Amino acid sequence: MAREAWIRKFTGRQIFVHWLFGISWLVLALTGALFLWRPDPHGTVTGLGVYLQGSVGQTLRTVHRVAAVGLMLAPLLYIVLEPRGFFRDLKELVTITRNDLRFFVTGPVFYTTGKGHVPPQGRYNGGHKLNYWIVILTWIGFVVSGTVMWLLRGAVSVQTFRLMLLIHSLSFFVGVPMALIHLYLTLLHPFTRQALSAVISGYVKLSYARMEHRQWVEEELARGTAELREAPPGAGAA
Amino acid sequence: MGRVGTWEAWQPDPRNPKQEVAMLVDVSECIGCKACEVACKHWNQNEARIEGFTGSYQSHSNLDAKTWTLIKFTEYEDPESGDIRWLFQKHNCMHCTEAGCVTACPTNALQYGDYGVVTLDQDACIGCAYCEQACPFDAIHVDRTAWDQKAQKAGKCTLCYDRISNGLQPACVKTCPTDCIKYGDRQALIEWGRKRVEELKARGFKNANLYGEHELGGLHELYVLTEPPEVYGLPVNPRVDWKVKAWKYAVQPIGKAVMGAALFGMAINWLAARRAFASAGARAGQGDSGHEGE
Ligand code: SF4
Ligand code: SF4
């Protein structure tokens with residue numbers, strides 16, 4: 001059997017930015033979400049309240065703010081460190097193809113039953129694009145509302161503050177289901193978790209890429225820009 | 001109207017926490033001496049915060065996390081007679097029946113307690129200041145800086161819950177030299193206030209009114225005012241902001257349901273996909289035999 005070939009999807013800098021963003025996001029989501037399971041004073045469920053007494057809640061609030069800096073910086077770092085990648089991504093994102101839309105019909109069937117197939121997709125498939133857009137929009141929502149609540153309390157009207165409170169929460173509840181699906185597909189799903197290597201070593205299996213991103217693979221190969229290697233990531237240079 | 005002797009010994013029924021107590025401030029009798037401010041600081045062990053003189057008779061520009069009651073001072077010119085009046089309004093938490101702060105607090109540190117008091121559990125407070133921004137009366141605060149505190153915590157009038165639950169009067173009530181702050185059963189105070197308003201009207205204060213009876217489902221801080229509420233800076237017809245309500249009663253429950261649905265969907269998907277890809281995964285591993293392009 002031939003050695004498995006791998007194709008490069010992300011650069012080291014992209015991987016760094018991805019994890020800076022992802023880890024900040026997770027820390028923020030966890031420190032923010034703890035309070036959703038607060039004790040109900042009139043119910044029997046005690047929630048997490050007992051663990052958040054005294055200075056614990058305050059400390060978590062500080063952690064939330066430190067992570068917020070990471071979240072704010074990550075996209076800006078992406079622009080600075082890898083402007084070409086950033087603008088190429090943007091271009092991909094604004095080009096929504098027919099196949100991207102068809103992905104949402106055939107994709108769920110394929111990922112659940114293994115039957116059928118996804119139409120040829122670019123570097124980002126329809127699902128990636130949806131995730132990317134939600135991340136961008138909620139990032140704006142989080143950063144704007146969070147900055148106002150953190151630094152501009154008293155400087156803005158109470159009406160504005162209350163609106164920010166609502167926006168922060170809306171961003172959370174739009175962002176979290178998407179993030180859960182994103183995590184599920186790359187960590188747990190028996191098929192798509194093969195994609196995880198892209199944000200660790202930068203490479204994915206060529207066979208997998210052919211199935212999930214056929215259009216992209218064909219273009220890279222045709223243009224001769226595909227970076228291929230013949231060993232699984234972690235095994236060192238072939 | 002002088003001392004209301006029977007109320008000095010009044011205490012709520014300890015077996016009936018549903019009983020509603022209240023304070024009533026008859027501003028027509030307030031002389032602006034600020035003894036209540038001092039008594040409040042003293043009893044609650046809040047440090048003095050000395051502000052510079054700004055030309056006003058008011059001691060502090062606003063309430064803060066360690067200043068829980070404040071005599072607000074307004075120099076008011078009667079539009080008809082041209083008379084100048086000094087108006088005093090003892091400002092502090094109103095212990096609303098429908099409270100913006102309780103609605104906004106993400107940790108449930110703020111709660112509706114016994115006797116109609118809105119309680120604040122400082123241990124549970126994280127200092128997010130959502131309450132400060134949601135209160136229609138600007139009556140609860142979190143300091144911007146925490147220089148002298150271990151942690152930033154919200155602070156507001158407790159209606160001296162620690163005193164009244166032990167049969168004592170609130171500290172401000174006890175100290176007031178003119179007895180213009182009254183404390184007792186809420187309904188009894190409302191009846192007293194109505195009579196007092198009539199009396200003031202008869203004496204020429206034709207704008208006299210009772211504030212707090214119906215606002216926000218009923219406040220537990222009532223006022224007999226000699227001028228319309230807006231003259232004192234009190235909101236006419238206050239409301240809990242729809243944005244705060246939408247946050248608590250729509251976004252959070254719907255959001256949690258969506259999260260739950262997403263988790264449920266993923267669990268189902270995992271069960272199905274695990275079986276489906278057990279063979280397909282092996283196939284995928286063998287190379288290029290997956291989907292055909294179109
Ligand atoms: S006056 Fe403000 S702080 Fe007091 S109970 Fe009402 S909303 Fe809460
Ligand atoms: S500052 Fe404290 S009391 Fe106020 S909303 Fe936040 S947690 Fe609740």
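Glycine is no exception: its Cβ is also placed from the backbone N, Cα and C atoms.
Unlike curated records, TrEMBL annotations are generated automatically.
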B:C125, B:C128, B:C131 bind [4Fe-4S] cluster 4 per TrEMBL; candidate in B:C105, B:C157 listed for that same site: B:C105
Per TrEMBL, B:C157, B:C160, B:C172 bind [4Fe-4S] cluster 2; matching candidate in B:C33, B:C40, B:C96: B:C40
Contacting binding-site residues for ligand 1, chosen from B:C135, B:C172, B:C176 when the Cβ sits under 6 angstroms of any of its atoms: B:C135
Listed binding-site residues among B:C30, B:C33, B:C101, B:C157, B:C160, B:C176 whose Cα sits within 10 Å of B:C131 ([4Fe-4S] cluster 4 binding site): B:C101
Residues from B:C30, B:C101, B:C125, B:C128, B:C176 facing chain A - binding-site residues, CB under 8 A: B:C125, B:C128
Residue distribution over DSSP helix, strand and coil in the domain '4Fe-4S ferredoxin-type' (B:21-51): 13 helix, 6 strand, 12 coil
Cβ-Cβ under 8 Å with the domain '4Fe-4S ferredoxin-type' (B:84-115): same-chain residues at least 6 beyond its ends: 12, 17-22, 25, 27, 30-32, 36, 40, 57, 63, 68-78, 121-126, 128, 130-137, 139-140, 154, 156-157, 159, 161, 164-165, 172, 181, 212, 215-221, 223, 225-227, 231-234, 240-241, 244-245, 247-248
B:C160 ([4Fe-4S] cluster 2 binding site) and B:C125 ([4Fe-4S] cluster 4 binding site), Cα-Cα, nearest whole angstrom: 19
